[in-house]
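These notes are about the structure you will find just below.
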């Protein structure tokens with residue numbers, strides 16, 4: 001019993017001690033005044049105020065050891081800029097608050113930030129998102145939310161992914177709406193996306209004023225819109241857009257997070273008007289703390305919806321409580337101006353001595369909040385991820401995410417390894433339902449529905465009418481256009497998967513540069529003609545892909561390089577070959593005579609006769625079989641070799657001479673443009689583009705001559721420089737095809753001195769038609785249609801002229817080459833070797849038969865005597881040469897040989 005009494009006394013003692021410590025701790029807690037400026041009465045403000053109260057309650061219940069307590073004073077700004085400023089002034093002057101949470105809008109925040117800077121009172125906003133607030137450069141301004149401009153990169157990636165080339169922003173006409181525009185414009189320029197116009201909606205716009213803006217948007221070609229409006233104005237805007245017909249198939253609407261973050265609290269009617277739109281939404285990562293908070297919120301406030309602004313208000317309050325606790329309780333005073341001085345309340349604004357220290361602690365605060373990682377960097381929260389949503393059904397459906405390091409991706413926990421330039425949108429986002437309840441990706445623009453047809457300028461005066469030809473209809477008095485360019489453009493229009501209405505407008509007030517400039521001035525929507533693509537023109541217009549081959553050709557006359565005279569028969573062989581051949585005739589005849597002289601009567605007789613026989617025998621081989629018979633073995637070998645050599649030589653000579661007499665050896669009179677420039681010769685041109693290139697190359701004005709038609713060009717080239725014509729002309733390769741198709745036997749293209757991109761269709765800079773037209777050109781080129789048009793319009797007038805593109809040199813320049821000794825030296829060498837061997841054999845045999853004779857005269861006499869030891873010594877002279885013949889038959893010849901032996 002005694003033990004039990006002691007235990008009770010001990011417990012009672014500890015309880016008394018604990019209560020005394022708690023009382024002392026409560027006495028040590030310091031209250032710190034904090035102001036809240038909000039538009040009381042709106043759904044958003046009520047939600048954020050509840051979140052602020054829950055944040056303070058949660059913080060101090062989980063941190064009972066803190067020495068400070070935030071005491072809040074709520075002031076209604078009544079959705080008015082002046083009232084908000086007055087509220088802040090009252091809080092600073094009369095309540096001496098050490099920080100202010102709020103205000104709600106960016107316009108209200110501007111003046112409050114200035115007051116906070118002057119009084120050293122931090123302004124912590126959880127809903128003012130305009131980027132323009134950062135330009136105030138106040139170190140006492142903290143944005144516990146995301147800057148609107150932080151989402152423009154996500155918007156850019158969406159536009160880039162689908163390849164849209166024009167975007168029209170829609171924004172409210174105030175600080176909030178205008179703040180995002182500079183950064184949005186910059187990022188769109190990075191991907192060459194134009195902003196052709198902007199739709200600015202007044203904050204107080206009536207439904208009729210909104211309808212007027214929507215009707216204007218409907219008449220313009222751009223179909224991609226980025227909407228940056230506050231929630232109430234956005235609801236009215238999309239209601240009218242649905243009513244007018246701007247939410248049907250073909251339109252693209254991209255919402256900023258100002259709207260998508262509050263989709264959860266919009267009613268069904270408002271959501272129904274936004275079906276199919278895309279949006280960038282603030283990403284809130286899942287966490288146990290967030291789920292617990294949502295559960296408590298639903299139980300306590302079942303009729304109030306929670307969104308990200310409430311979470312930011314909760315986190316901002318927690319951050320402020322942490323910062324004040326760290327800053328301590330020293331210097332919680334204001335230094336005010338002397339009350340005796342006659343100054344206004346603003347001029348007499350006090351300065352908080354607590355502000356600098358609170359500024360430092362706020363800048364260091366970092367924790368995991370309900371909305372994600374909370375840390376001020378340069379006074380702002382920095383987003384790492386945005387959510388991409390597609391409004392479908394009852395709300396926004398997540399279709400992907402955006403992160404700075406990875407771009408767009410489907411799942412937040414499955415990031416791609418890197419940004420893939422050529423990936424399709426299906427690889428980056430989940431399926432999308434577009435306006436009009438379609439899954440087909442809108443092309444982003446279309447011909448406006450205001451009945452306007454494309455006005456296409458076409459030149460009337462054209463040098464090469466195969467491209468564009470204008471004729472006057474005598475019945476309707478209208479201009480009818482035809483030609484390759486016209487037919488090709490119509491084929492391209494048919495290849496585009498949508499209808500384009502257009503009218504051809506004749507242009508006859510200038511050249512092609514003037515016509516192209518009309519597109520820049522807005523008089524024409526396009527130009528269809530044989531317009532050369534050049535860098536100078538591309539500075540103020542856009543070109544489609546070229547629909548013809550590229551390049552500029554140098555066309556010059558050709559002439560026959562061979563002079564046909566009475567001595568042309570000597571040209572096939574070089575002088576050396578002629579001399580060697582003549583010498584060879586004599587040598588071969590001499591060798592055969594030496595070998596046959598002692599055994600063959602046909603090579604015997606008077607000296608004059610024998611000399612003529614030498615030449616006669618060797619030369620007659622070229623025409624017919626010689627009458628003299630060759631009897632000795634070595635003579636026959638020599639003759640056979642000579643026969644072959646003469647055959648090859650005569651056949652080659654005949655072929656070469658025939659080529660000289662029958663083939664035109666055409667050579668260009670000029671080989672390159674540099675030779676024209678060096679000699680100062682005249683050059684013809686047709687277009688202003690080529691004129692400019694010639695001037696840039698150094699040609700003088702006096703040497704440049706314009707031609708107006710293919711016939712005129714032919715006349716100038718035919719005259720030549722000496723007779724007032726030109727030595728060469730420069731023309732684009734497509735024109736060369738036409739010109740040489742008519743005059744291929746007189747001229748040829750020898751060089752392409754200038755590189756150009758060919759001929760293309762002209763459009764205004766940034767026209768969305770350019771991409772579709774270019775894609776359609778590729779389709780036409782890949783089909784058989786392009787070849788059909790070329791065959792129809794570029795058929796050569798002279799049917800003997802081939803296509804200069806597929807056969808650029810129908811009359812190739814043949815450089816005549818005379819036959820020289822180098823082509824036959826092997827044959828002459830063989831003949832020389834055989835002759836030498838035969839002579840050596842003969843001399844050896846002759847000296848062997850006369851071993852003791854050294855007297856040349858005696859040897860000559862022996863040489864002139866018939867060889868009595870030869871088996872053919874009794875052969876008589878051939879009747880064809882002297883009336884005597886060989887033995888009548890073979891038996892007599894054999895007997896004669898036997899008798900001789």
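Backbone N, Cα and C define each Cβ position, glycine as well.
Here residue 46 (N-linked glycosylation site) comes close to 40, 304: these same-chain residues lie at least six apart in sequence, with C-beta atoms under 8 angstroms from its C-beta. Secondary structure at residue 46 (N-linked glycosylation site), as computed by DSSP, is helix. For 46 (among others), the entry in Swiss-Prot reads N-linked glycosylation site, with the evidence type sequence analysis.
Annotation comment: Swiss-Prot describes 53 (among others) as N-linked glycosylation site. Counting every protein chain shown, the Cβ of residue 53 (N-linked glycosylation site) has 15 other Cβ atoms within 10 Å.
The N-linked glycosylation site annotation in Swiss-Prot covers 204 (among others) and rests on sequence analysis. Contacts of residue 204 (N-linked glycosylation site) defined by a Cβ separation under 8 A and a same-chain sequence distance of 6+ are given as none.
Taken from Swiss-Prot, the feature N-linked glycosylation site applies to 267 (among others). Residue 267 (N-linked glycosylation site) falls within neither a helix nor a strand when secondary structure is assigned with DSSP, and so counts as coil. Counting every protein chain shown, the Cβ of residue 267 (N-linked glycosylation site) has 8 other Cβ atoms within 10 Å.
Residues or ranges marked as N-linked glycosylation site in Swiss-Prot (evidence: sequence analysis): 331 (among others). Long-range Cβ neighbours of residue 331 (N-linked glycosylation site) (same chain, at least 6 residues apart, Cβ-Cβ under 8 Å): 353, 354, 357.
Annotation comment: Swiss-Prot describes 342 (among others) as N-linked glycosylation site.
Under the heading N-linked glycosylation site, Swiss-Prot lists 461 (among others). Note on residue 461 (N-linked glycosylation site): other Cβ atoms within 10 Å of its Cβ, all shown chains, come to 14.
Annotated N-linked glycosylation site per Swiss-Prot: 477 (among others), in sequence order, evidence recorded as sequence analysis. Around residue 477 (N-linked glycosylation site), taking its Cβ as the centre, 7 other Cβ atoms fall within 10 Å, counting all chains.
What Swiss-Prot records for 536 (among others) is N-linked glycosylation site, and it gives sequence analysis as the kind of evidence. Under the DSSP three-state reduction, residue 536 (N-linked glycosylation site) is assigned to coil, being neither helix nor strand. Cβ neighbour count for residue 536 (N-linked glycosylation site): 11 (other Cβ atoms within 10 Å of its Cβ, all protein chains included).
Taken from Swiss-Prot, the feature signal peptide covers 1-25, and the record attributes it to sequence analysis.
Annotated topological domain 'Extracellular' per Swiss-Prot: 26-574 (among others), in sequence order, evidence recorded as sequence analysis.
What Swiss-Prot lists as topological domain 'Cytoplasmic' is 596-604 (among others).
Residues annotated as topological domain 'Cytoplasmic' in Swiss-Prot: 626-629 (among others).
Taking the topological domain 'Extracellular' (651-823) as a whole, pLDDT averages 80 in the prediction. Positions annotated as topological domain 'Extracellular' by Swiss-Prot, on the basis of sequence analysis: 651-823 (among others).
Per Swiss-Prot, the feature topological domain 'Cytoplasmic' maps to 845-901 (among others).
Residues or ranges marked as transmembrane segment in Swiss-Prot: 575-595 (among others).
DSSP gives residue 53 (N-linked glycosylation site) a helix state. Cα to Cα, residue 461 (N-linked glycosylation site) and residue 477 (N-linked glycosylation site) are separated by 18 Å.
Using CA atoms as reference points, the glycosylation sites 267, 477, 536 were checked against residue 53 (N-linked glycosylation site), and the closest is 267. DSSP assigns residue 204 (N-linked glycosylation site) to coil in the three-state reduction, placing it in neither a helix nor a strand.
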